[in-house]
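Below is one structure; the comments refer to it alone.
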Amino acid sequence: MVVVGNIYAITAVSVVGGALFGFDISSMSAIITTPAYKCYFNHGPKGPPFNDDDQCSGLSSLAQGGVTAAMPGGSWLGALISGFISDRLGRKYAIMVGCIIWIIGSIIICASQNMGMLIAGRIINGLSVGIESAQVPVYISEIAPPSKRGRLVGSQQWAITWGILIMYYISFGCSYIGHGNASTSHNYSESVFRIPWGVQMVPAVLLFFGMMILPESPRWLARHDRWEEAQSVLALVHGKGDANSPFVIAEMQEIRDMCEFERANKDVSYMELFHPKMIHRTMTGIWTQIWSQLTGMNVMMYYITYVFNMAGYEGDATLIASSIQYIINVIMTVPALIWVDRWGRRPTLLIGATLMMIWMFANAGIMANYGEVVPGGIGGVAEQSMRLSGAPAKGLIACTYLFVASYAPTWGPVSWVYPPELYPLRVRGKAVALATSSNWAFNTALGLFVPTAFATIRWQTYIIFGVFLATMLVHVFFLFPETAGKTLEETEQIFEDPNGIPYIGTPAWKTSHDTKRTVAAESGDVEVLGEKLAVAEKRTAAHAEEV
């Protein structure tokens, strides 16, 4: 079988797993305000389903929160089990298993007859998204060269944004199907939501067959004593087929040294992640994913139509205005793909948190000072609890767009890039799975919390997220070390620095990156490679003494 060796082609195929998450987000956000969805799944005072009244109130706040939270709830479980699947079957086949699960879940969603079926299908889809979101970054990080790792793993986020945008416009187009069709027993066609929910199977099918021609992670192969295959993959991807390339030889030696040390350790359990020497990096990875949720970005993605309805937009105007933020998300992710390895991880996270905090507090101020409380919500939708008009409404929309533009090149891609860089090979699969599961746990909680928050505490919802952003700014500065430009094995030095803080290592604010040296090493600079090998040998010897 032909095996693809171009790192950009490998990335382009594998990050389709991220598009699955994006498809799911906008398959709900573009549909939850359509009359077809609200009438078919009507749980309001004008139920049962398919009420002919154009003003069907749809699901209650709690019910809609449950439907929305079903997918991240399943993703939490999927991320947790992905570590076992990945360690047993390999990174590549774990991703393929996720594809099969996604197809099954999408079939159930597409055929949903009631809210129970819809929730069940979304939970199954969530299992898939949890596996893909945890293991695609691990797969790419283990196969990518250090100088390109940030942009390549960050492509996961770009794929998510494309998935959101594509599915949003598919859903928007389908919203016109069957409207006012007198030949039906109701005013709206089920195709409005069934077609988008069926189309989302397509990327999973493409990803499944695409993964067949991609190589396995060389580090996973080495961990399982498949050394010849590991060297062949490194030569194919990093040495243009030359197994004697200086960089391939040096990288292979680093992997071999690390694996030899790890032979002294038993099989890894999740408990090892909370060992005193490991807990700092475990919590750093977990908090990276938690903070990415507590920025409030996915809230903007799921419930953006509510925000624009409160700003005075109605019908198609709401959907079109909402789509602009998805376009911004796609475009503004591109700078990170080009420069994130040059910027470094720390500066990117710090700047992103600062800017998002400004826009979040600005939104709170606008709604608090100019918003008019609407009892029962606009159009009977409790979440649309306030109304704005004129300049304040435009200001709210502008700050929302600026928030998305600040998230897209910063926390969006880096939250996927950073966790796989923190862990040694023997625990990476399970550690990233645990970190990603925390993302989905908080995604689930926010999916349940936000509709009720918009309905009850209104503008204060933005204050809560603003405080989260201020807190993460401090946390990142003091405890998130720089990992850009380092091999995954070199990152070990930061956490095991004997002159650093006990159980933490080199203080985060003292860490930095040197992109030029990394590029020189990959180009075969003998002097730089010699220094890297000397450091690796010294570290291996130190490990041996500990054991």
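All positions are counted from 1 along the displayed chain.
Backbone N, Cα and C define each Cβ position, glycine as well.
Feature annotations, reproduced from TrEMBL:
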| type | residues | note |
| --- | --- | --- |
| TRANSMEM | 7-32 | transmembrane segment |
| DOMAIN | 10-484 | domain 'Major facilitator superfamily (MFS) profile' |
| TRANSMEM | 93-112 | transmembrane segment |
| TRANSMEM | 158-178 | transmembrane segment |
| TRANSMEM | 198-214 | transmembrane segment |
| TRANSMEM | 286-305 | transmembrane segment |
| TRANSMEM | 317-340 | transmembrane segment |
| TRANSMEM | 347-366 | transmembrane segment |
| TRANSMEM | 395-419 | transmembrane segment |
| TRANSMEM | 431-450 | transmembrane segment |
| TRANSMEM | 462-480 | transmembrane segment |
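Contact between the transmembrane segment (286-305) and the transmembrane segment (462-480) holds: at least three of their C-beta pairs are under 8 Å, each pair 6 or more apart in sequence. Using a Cβ-Cβ cut-off under 8 Å and counting only residues 6 or more beyond its ends in the same chain, the transmembrane segment (395-419) has close neighbours at 18, 133, 137, 141, 149-150, 153-158, 160-161, 285, 288-289, 291-292, 295-297, 300, 304, 307-308, 310-311, 321, 324-325, 328-337, 340, 345, 348-349, 351-353, 355-356, 359-360, 362-363, 366-367, 388, 431-432, 435-436, 439, 480, 483.
Sequence-distant neighbours of the transmembrane segment (317-340) (same chain, 6+ residues past either end, Cβ-Cβ under 8 Å): 26, 29-30, 33, 150-151, 154-155, 157-158, 161-162, 164-165, 168-169, 172, 175, 300, 304-305, 308-309, 348, 397, 400-401, 404-405, 407-410, 412-414, 417, 484. Remote same-chain residues near the transmembrane segment (431-450) are listed as 62, 65-66, 68-69, 72-73, 75-83, 86, 126, 129-130, 133-135, 137-138, 270, 273, 281-282, 285-286, 288-290, 292-294, 298-299, 302-303, 415, 419-420, 422-423, 461 (criterion: CB distance under 8 Å, separation of at least six residues from the stretch ends). If you look at the transmembrane segment (7-32), the same-chain residues 6 or more away from its ends with a CB under 8 A from one of its CBs are 38, 58, 64, 67-68, 71, 95, 98-99, 102, 122, 125, 128-129, 132-133, 135-136, 139-140, 143-145, 148, 152, 155-168, 171-172, 175, 192-193, 196-197, 200, 203-204, 206-207, 210-211, 214-215, 237, 298, 301-305, 319, 322, 326, 416. On the 0 to 100 pLDDT scale, the model's mean across the domain 'Major facilitator superfamily (MFS) profile' (10-484) is 88.
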